[in-house]
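*Asks:* According to TrEMBL, the protein carries these features:
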TRANSMEM  66-87  transmembrane segment
DOMAIN    68-222  domain 'EamA'
TRANSMEM  99-118  transmembrane segment
TRANSMEM  150-168  transmembrane segment
TRANSMEM  180-199  transmembrane segment
TRANSMEM  206-224  transmembrane segment
TRANSMEM  230-252  transmembrane segment
TRANSMEM  264-288  transmembrane segment
TRANSMEM  300-318  transmembrane segment
TRANSMEM  325-345  transmembrane segment
TRANSMEM  357-374  transmembrane segment
REGION    402-424  region 'Disordered'
Amino acid sequence: MKKHSARVAPLSACNSPVLTLTKVEGDERSHDSPAPAEAQAQAGMEAGGRGSRCCWTCSVTQLKKIFWGVLVVLGVCSSWSGSTQLAKLTFKKFDAPFTLTWFATNWNFLFFPLYYIGHVCKSAEKQSPQQKYRECCQFFGDNGLTLKAFFTKAAPFGVLWTLTNYLYLHAIKKINTTDVSVLFCCNKAFVFLLSWIVLRDRFMGVRIVAAILAIAGIVMMTYADGFHSHSVIGIALVVGSASTSALYKVLFKLLLGSAKFGEAALFLSVLAVFNVLFVTCIPIILYFTKVEYWSSFDDIPWGSICGFSVLLLTFNILLNFGIAITYPTLISLGIVLSVPVNVVVDHYLSDIEFNSVRVIAIVIIGLGFLLLLLPEEWDEWLIKLLTRLKVRKKEEIPEGNGDIVSGLQNKSRRTRPSMSSFSH
């Protein structure tokens, strides 16, 4: 009766004949089970095989993540430094930073279409564009993307997005790209400070040190050019850009929380819609007031403008969706690695003076940025690592002492004279 119930139970529970067959085969094996030693050896071999397969799978997965991480780092670094340098070149022919900001932000509309193309290529259960849109609209609330949700949950971030990019591009007009890219790295320190104050995130001493280093680097960068008004205004602009970027990230986490990939793509496309509907009037006003004026549309360097927009779109895609294939820390490394790229380009293309104060400021801000990349549990990991090293040292010392003692005992036995030699 026990045997019969063992066969029927999996079928009634899971409705799977395969499970029933597996159970019967297990019962048949139990009648003539191997000897205990053989069973242990067999179990050990199976466990070892499973462990080796698991380790192999984990290592392959990690290697893939690291490989994609290297590609993403190179993409982030090249797109960010390339867009910065291309913006600098564009302003030599087209002195209109706000118009360039407006034009590049319109390209955000491509986020959701690109995401849907990826969904169609990768997903087994394909949805229509309307179905996917309705599903992602739930991010804005139970009623979807209503007019109220648009103005309360999208419009403020559209303003911050435009302000961040405009201040950054306007700073590129005032100072060199190296200083701009270095100072913008301070936004990670500002994110920590705002998160600690507004979101009540965990206090970490190492991140406070990083924030202090960032502030010290800003002061030293200002001192590097002798407190000239031109450089001070440029530094203030890029620090303002880093601050609005940090405010954007903290408010997003506070008001909207976390978003899935489709929701993030739709949100960024909605920002482009806001840009077209409500920001278009500002470049028009700046044009007619001749604040940002160009004689004819033929004089506009469309190649540079479109190239900048494509690079900025690529950077934002990698920054927002790169975590799907690699580690977030590697993505952040791409931003700080753009600094040496800009240093090399500025060294050959501009008359920047890399004095000792500027170099120290670059190093200090870079060090602060790297400290902010440390995970929250870094101190626990460090304690565990030091504990393991101490345990290994303690294990090696007794073994070494045991080897020495046994060697001395063997030597004394060999050198000790036998009593039979004296009897003769």
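From the backbone N, Cα and C atoms, a Cβ is placed for every residue, glycine too.
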*Asks:* Under 8 Å, at least three CB pairs between the transmembrane segment (66-87) and the transmembrane segment (325-345) (pairs 6 or more apart)?
*Replies:* yes
*Asks:* Take the C-beta pairs under 8 A between the transmembrane segment (150-168) and each of 180-199, 206-224, 230-252. Which stretch has the highest count?
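*Replies:* Most contacts with the transmembrane segment (150-168): 230-252.
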*Asks:* For the transmembrane segment (230-252), what are the same-chain contacts with Cβ under 8 Å, counting residues 6+ beyond its ends?
*Replies:* 156-157, 160-161, 163-165, 167-168, 170-171, 173-175, 179-180, 183-188, 190-191, 193-195, 198-199, 218, 221-222
*Asks:* Under 8 angstroms for C-beta pairs, at least 3 of them, ignoring pairs fewer than 6 apart in sequence. Is the transmembrane segment (325-345) in contact with the transmembrane segment (180-199) by that rule?
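*Replies:* Touching, yes - the transmembrane segment (325-345) and the transmembrane segment (180-199) meet the threshold of 3 or more Cβ pairs under 8 Å.
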*Asks:* Could you name the stretch, out of 99-118, 300-318, 357-374, with the greatest number of CB pairs under 8 A to the transmembrane segment (206-224)?
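*Replies:* The stretch with the most close Cβ contacts to the transmembrane segment (206-224) is 357-374.
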*Asks:* Can you give me the average pLDDT across the domain 'EamA' (68-222), rounded to a whole number?
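*Replies:* Here the mean pLDDT over the domain 'EamA' (68-222) amounts to 90.
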*Asks:* Counting only residues 6+ away from its ends, which parts of the chain sit with a Cβ under 8 Å from the transmembrane segment (99-118)?
*Replies:* 87, 90, 129, 132-133, 136, 161-162, 165-166, 169, 261-262, 264-266, 268-269, 271-273, 275-276, 279-280, 282-283, 286-287, 292, 305, 308-310, 312-313, 316-317, 321
